[in-house]
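So the structure is just underneath, and the comments pick up after that.
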Amino acid sequence: MDRQCAVASLTAFQFQIDRQCSQTRGRACSFHTPHGIVETPRFMPVGTLATVKTVTPAQLRDTGAQMVLSNTYHLHLQPGEEIVAKAGGLHRFMNWSGPMLTDSGGFQVFSLSELRKIEERGVTFRSPRDGAVIEFTPERSIRIQNALGADVIMAFDECPPYPAERKDVEAAVARTYRWLERCINAHERPQDQALFGIVQGGVYLDLRQQAARDLVQLDLPGYAIGGVSVGEPSEEIHRIVEATAPLLPAHKPRYLMGVGTYREMVQAIAAGIDLFDCVIPTRLARHGAALVKGDRWNLKNAQFREDFQPLDEDCNCYCCQNFSRAYLNHLIRSREILGYTLLSIHNITELVRFTTRIREAILSDRFVEEFGHWLQPSAVPVSP
């Protein structure tokens, strides 16, 4: 299926299938947004507070990143969406000219299990900053995201924990659908902000599948699979994606939220997923760890103290082109911020390059040949 083109109902957005893998449901696509094209499959770095931790926008561009994620909940608390709007929106505020996506804040709100109360209207919680009572509703989440101005915005959903009773997950799925309808009605910028719906359902595959079928009827510009990477085994994520992704429209972007390990991304891409985000690259960097050719290295280890080779001699990132493993070992042991910056640059480059290589393999129909080993049970994911 070469160059299949499907244009979303929004004039500023277009999603094009460039090549379909002949052996899996994987595909290479081009997602056109108001701020540029996202070539998928694609890993998106996380810039929660309008910054990818320890990395400048210029450095981020050099990693090959095309789309960046920020968070509605955190930006509402600091500095506030009004400030961002006065600056001209997120892109100008953080000096990022490429596409952006904002999460709805639902995941963060629901992670405050002891501080929040769920009702049909929305969620009330106490701010972890000052204890003030804050209410998040579908309408408020969308208003905040409209003010922030990202290219893609996410519906406010209820993310059940893991593990959770089936009845509780059923209630969360039903409420997520009702809240999505309210998000659609509240959305004031559909021409330049694409609203994605989120499929919930925990580890209950029948609930996931029914949720997907229901959301598809709303004909949104894109769809996400949420509520994963919340403590469940990697095998469960694979089961969820395998059961859910095929039910989402082939002519629209599919986004797997919060996933960014090598194996989990390859498995999801084989199932038809296009977009990923995860804090893994910067979180590992802050712990002195580097992602190198599918493995995880602890740069604090003594073995690197007199190792003057580049971190990865095959990597063209700023870190690997200019500094040795010994220097990185010194920086991390000294707790110098530069060490975290250099490892963040490398780790982001590594995951962006990994998904870029997968795209190239799909375009040449060599995906299974080049990445099939990650589909095997023996392939161990690199945990954050």
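Glycine residues also receive a Cβ, built from the backbone N, Cα and C atoms like all the rest.
Record check, Swiss-Prot: Zn(2+) site residues include Cys315, Cys317, Cys320, and the candidate from His330, His346 also listed there is His346. Among the candidates Gly64, Gly131, Gly227, Gly231, the residue that Swiss-Prot names alongside Asp103, Ser104, Gly105, Gly106, Phe107, Asp157, Gln200 for the substrate site is Gly227. Of the given residue ranges 17-21, 252-256, 282-286, 362-366, Swiss-Prot assigns the label region 'RNA binding' to 282-286. Between the listed ranges 160-166, 258-264, 307-313, Swiss-Prot ties the annotation region 'RNA binding' to 258-264. Summarising the substrate site geometry, the residues cited as binding it (Asp103, Ser104, Gly105, Gly106, Phe107, Asp157, Gln200, Gly227) extend over a maximum Cα to Cα distance of 15 Å.
According to DSSP, the secondary structure content of the region 'RNA binding' (258-264) in residues is 3 helix, 0 strand, 4 coil. Listed in sequence order, Asp157, Cys159, Pro160, Ile198, Gln200, Gly201, Gly202, Met257 are the same-chain residues at least 6 apart in sequence whose CB falls under 8 Å from the CB of Gly227 (substrate binding site). Of all the binding-site residues listed here (Cys315, Cys320, His346), His346 has the Cα closest to the Cα of Ser104 (substrate binding site).
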